[in-house]
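> Pulled these from Swiss-Prot:
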BINDING   G101, N132  anthranilate 1 binding site
BINDING   G101, 104-105, T109, 111-114, 129-137, G141  5-phospho-alpha-D-ribose 1-diphosphate binding site
BINDING   S113, E246  Mg(2+) 1 binding site
BINDING   R187  anthranilate 2 binding site
BINDING   D245, E246  Mg(2+) 2 binding site
Amino acid sequence: MTTPPPRPAAPTTDPGDTPTWAMILGRLTTGQSLLPGQTAWAMDQIMTGVATPAQIAAFAVSMKMKRPTSAEVTELAEIMLKHALPVPTDTIGTHTVDIVGTGGDGANTVNLSTMASIVVAAAGVPVVKHGNRAASSLSGGADTLEALGLRIDLGPDDVARCVAEVGIGFAFAPQFHPSYRHAGAVRREIGVPTVFNLLGPLTNPAKPRAGLIGCAWGDLAEVMAGVFATRGSSALVVHGDDGLDELTTTTTSTIWRVQAGTVERLTFDPAAFGFARAHVSELTGGDAEANAASAREVLGGATGPVRDAVLLNAAGAMVAHAGLSSDAKWVPAWESGLARAKEAIDSGAAEQLLARWVRFTQEL
């Protein structure tokens, strides 16, 4: 039997060495994780415009192929936040919640997280939603909110005012992460998922303590959960077993429950809470105008598969928020979240909150 040739070694590095791109890429392309501080150095080079497009592309792809660790992604996210415009939290605090996904599932569903965010806020839980325009679908959360009449270009102080006055604010990613433009251009040119796809849900400039976070890649959801655990957040990182970056109603979902610095992996079946199985085609969306129309219908009380999925994700966000309390119980938290989500829609509160939010942003 022929012995395969040895794998080429990365350049020898000492933890005290000043990083270089040859050192970083040498480790990644030979399947080795980076040493503490090396990922942060690379991301800082990217965010400050020092890294070349070739270096950025090589880093993003090789990190994804190697499979990033939670420690590496934590460094990426923290450097990105260091360069971000922060949402002031002196009036809104950090006990807010975000509902956001990585995108990239290829299903082109309606904007479930956007609708769920409005429902959660109408139920009395403060929301700071972080989002962007569509990258791979026909309509991202920002596109749909804009079609609903919302001003999406608000700065940090005005987003905080929205949360304080209305109960919900939208942080449009390009507005808060101007330094990310160097990576963003390369990411669009590459056209395939990279480690950068994980960063949107991890870099909300308001730093909410709770989140319902969707991940389109099951093998990377646990990595994201590890980042939230390091931060001491309460989060549900979810991956639909049909591939959606949402809590799905077509089958079961896998949930990584993050609470008090620990991560627990669970299988979640919405049928246990009375939800009928849907087909993914019943959740398919369209362009921004079509998705805005769907949002108006659901928030106006229309029943059906889209409402079910919105209720499920809204409840999940409230479960994550409840997890900020050490005595939160799993099943009772779900029962409470679902009841509050239904009441928020059926009472008209969600529809009214959307109208108030749109009006408030237009008057700023």
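Glycine residues also receive a Cβ, built from the backbone N, Cα and C atoms like all the rest.
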> Give the distance between the Cα atoms of S113 (5-phospho-alpha-D-ribose 1-diphosphate binding site) and N132 (anthranilate 1 binding site), rounded to the nearest whole Å.
12
> Specify the nearest of the binding-site residues G101, R187, D245, E246 to H130 (5-phospho-alpha-D-ribose 1-diphosphate binding site), where nearness means the distance between Cα atoms.
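Checked the binding-site residues G101, R187, D245, E246; minimum Cα distance to H130 (5-phospho-alpha-D-ribose 1-diphosphate binding site) goes to G101.
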> Run through the Cβ atoms and count how many others sit within 10 Å of the one on E246 (Mg(2+) 1 binding site).
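By my count, 28.
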> Return the residue, from the listed binding-site residues H130, R187, with the maximum count of other C-beta atoms within 10 angstroms of its C-beta.
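In terms of Cβ crowding, the pick is H130.
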> Could you say whether, by DSSP, N132 (anthranilate 1 binding site) belongs to a helix, a strand or a coil region?
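Looking at the DSSP assignment, N132 (anthranilate 1 binding site) belongs to neither helix nor strand, so coil.
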> Could you check which of the binding-site residues G101, R187, E246 is the closest Cα neighbour of T109 (5-phospho-alpha-D-ribose 1-diphosphate binding site)?
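For T109 (5-phospho-alpha-D-ribose 1-diphosphate binding site), the closest Cα among G101, R187, E246 is found at E246.
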> Please identify, from the binding-site residues N132, R133, D245, the residue with the sparsest Cβ neighbourhood, meaning fewest other Cβ atoms within 10 angstroms.
R133
> According to DSSP, which of helix, strand or coil covers T109 (5-phospho-alpha-D-ribose 1-diphosphate binding site)?
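DSSP call for T109 (5-phospho-alpha-D-ribose 1-diphosphate binding site): strand.
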> Do any of R133, S136, R187, D245, E246 (binding-site residues) have a CA within 10 A of G101 (anthranilate 1 binding site), and if so which?
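Among R133, S136, R187, D245, E246, the ones whose Cα sits within 10 Å of that of G101 (anthranilate 1 binding site) are D245, E246.
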> So how many other Cβ atoms are close to S136 (5-phospho-alpha-D-ribose 1-diphosphate binding site), meaning within 10 Å of its Cβ?
15
> Around S113 (5-phospho-alpha-D-ribose 1-diphosphate binding site), how many other C-beta atoms are within 10 angstroms of its C-beta?
26
> Fill in the CA-CA distance, N132 (anthranilate 1 binding site) to D245 (Mg(2+) 2 binding site), as an integer in Å.
15
> Going by C-alpha distance, which of the binding-site residues R133, S136, R187 is nearest to D245 (Mg(2+) 2 binding site)?
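Closest candidate to D245 (Mg(2+) 2 binding site), judged by Cα separation, is S136.
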> Could you state the CA-to-CA distance between R133 (5-phospho-alpha-D-ribose 1-diphosphate binding site) and the residue listed as 'anthranilate 2 binding site' to the nearest Å?
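Cα of R133 (5-phospho-alpha-D-ribose 1-diphosphate binding site) to Cα of the residue listed as 'anthranilate 2 binding site' measures 14 Å after rounding.
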